[in-house]
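Student: Take a look at the following structure, please.
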């Protein structure tokens with residue numbers, strides 16, 4: 001409001017002085033009092049600063065795009081109800097079908113490494129669990145179940161890192177080892193009960209991101225999450241974040257759904273699937289995509305699969321195709337949640353690090369971090385990746401509004417999709433949590449907590 005007020009004063013000062021001179025009510029030497037001139041100059045300075053700030057963000061600042069659940073991926077045809085009501089109805093009416101377990105086993109991104117400093121405690125919520133993520137005094141990342149087994153206070157809400165590597169509950173000061181999760185101190189007790197502990201989650205940090213290992217049966221990680229081989233030769237260009245209402249398997253399964261690429265992703269611009277054909281540009285310029293998905297070839301790395309995409313962007317006039325741009329994407333899926341996407345264009349090389357993490361059943365957090373050749377201007381990189389983001393948001397519309405069935409109707413040309421489903425089954429186990437027919441989350445083999 002203050003900035004808007006100053007801008008109005010600026011316009012008023014300029015127009016009023018000139019108007020009085022033109023009307024002959026004062027001569028060319030006329031000026032408003034000094035105080036008004038000071039306000040005018042301050043307003044001009046603020047406007048210039050705002051313009052320069054906007055220009056800097058567009059030209060030089062990395063992309064930082066965050067979409068909430070309600071921002072993208074829903075249709076709103078019935079305007080007699082609000083958009084929020086429409087989204088709730090879509091979620092409520094979604095048929096669950098015979099779905100796989102809701103949380104696969106593997107590594108999942110939970111934060112950027114820079115988000116949590118040495119000695120800090122952060123509250124995070126993933127896999128339907130409240131967790132305490134903290135960095136100990138030596139800089140090592142730790143994660144524990146957030147609820148103290150004493151009186152179930154949330155240790156991530158006011159808890160502190162103490163004794164180099166312990167999390168202290170803010171309620172009564174009970175201290176738990178970040179390395180083991182065991183209770184190590186009760187400040188007012190003569191003897192510490194040795195059988196008390198909280199669940200400790202395995203952590204790692206790769207490419208500037210913090211990951212947790214999820215497994216329904218606990219235990220140590222089954223594989224090491226690798227760093228991207230090209231990231232150290234590229235520069236950071238930004239990131240996007242989307243919250244999605246779907247089963248987690250829908251998202252990586254997209255890689256093996258080859259037939260959708262040349263249909264859903266054929267138009268070059270726009271994330272609104274219902275309006276992409278209204279654009280003149282989309283009726284002239286098209287993607288022509290060839291792709292293949294392959295299961296793992298290395299028996300020592302069954303958790304990895306690959307995909308290759310060749311994308312010819314062409315201008316079509318009277319059915320004559322004129323090539324405009326050729327793109328290649330080499331995609332490495334690592335477990336159920338991490339993907340390295342290597343981008344080749346005629347002008348630069350790029351990298352997208354995609355991560356999908358379950359927040360709770362049928363709610364996923366999808367992030368993309370972007371990197372490009374060092375000499376590429378950030379504004380060019382942002383434009384390229386924003387176009388890629390519009391393609392992702394078309395998929396989100398499909399994911400948010402579809403359901404999942406174990407045995408869909410497939411034609412023989414979709415054999416890769418069936419192979420992908422068989423490959424992905426390795427990330428579920430007998431005790432993986434599931435949704436029952438009433439929509440309740442069930443943990444097989446895990447006793448229910450008794451009401452107190």
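Cβ atoms are placed via backbone N, Cα and C, with glycine included.
From Swiss-Prot, for reference:
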- 6-26: transmembrane segment (TRANSMEM)
- 32-52: transmembrane segment (TRANSMEM)
- 107-212: domain 'Rieske' (DOMAIN)
- 148, 150, 169, 172: [2Fe-2S] cluster binding site (BINDING)
Student: For the domain 'Rieske' (107-212), would you mind checking the mean pLDDT of the predicted model?
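Tutor: That stretch averages a pLDDT of 97.
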Student: Do you know the DSSP helix, strand and coil residue counts for the domain 'Rieske' (107-212)?
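Tutor: Helix/strand/coil tally for the domain 'Rieske' (107-212): 3 helix, 49 strand, 54 coil.
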Student: Same chain, not part of 148, 150, 169, 172: whose C-beta falls within 8 angstroms of the C-beta centre of the [2Fe-2S] cluster site? Give them in sequence order.
Tutor: 149, 151, 153, 155, 171, 173, 174
Student: For residue 172 ([2Fe-2S] cluster binding site), which residues of its chain lie six or more apart in sequence with Cβ-Cβ distance below 8 Å?
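Tutor: Correct list: 148, 150, 151, 153, 186, 187, 188.
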Student: How many other Cβ atoms are found within 10 Å of the Cβ atom of residue 150 ([2Fe-2S] cluster binding site), counting all protein chains shown?
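Tutor: For residue 150 ([2Fe-2S] cluster binding site), the 10 Å Cβ neighbour count is 16.
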Student: I want to check the contact list for residue 169 ([2Fe-2S] cluster binding site): same chain, sequence separation of six or more, C-beta distance under 8 angstroms. What comes out?
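Tutor: Non-local contacts for residue 169 ([2Fe-2S] cluster binding site): 148, 150, 153, 155, 159, 175, 176.
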Student: Within 10 angstroms of the C-beta of residue 148 ([2Fe-2S] cluster binding site), what count of other C-beta atoms is obtained when all protein chains are considered?
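Tutor: Looking across every protein chain shown, the total is 24.
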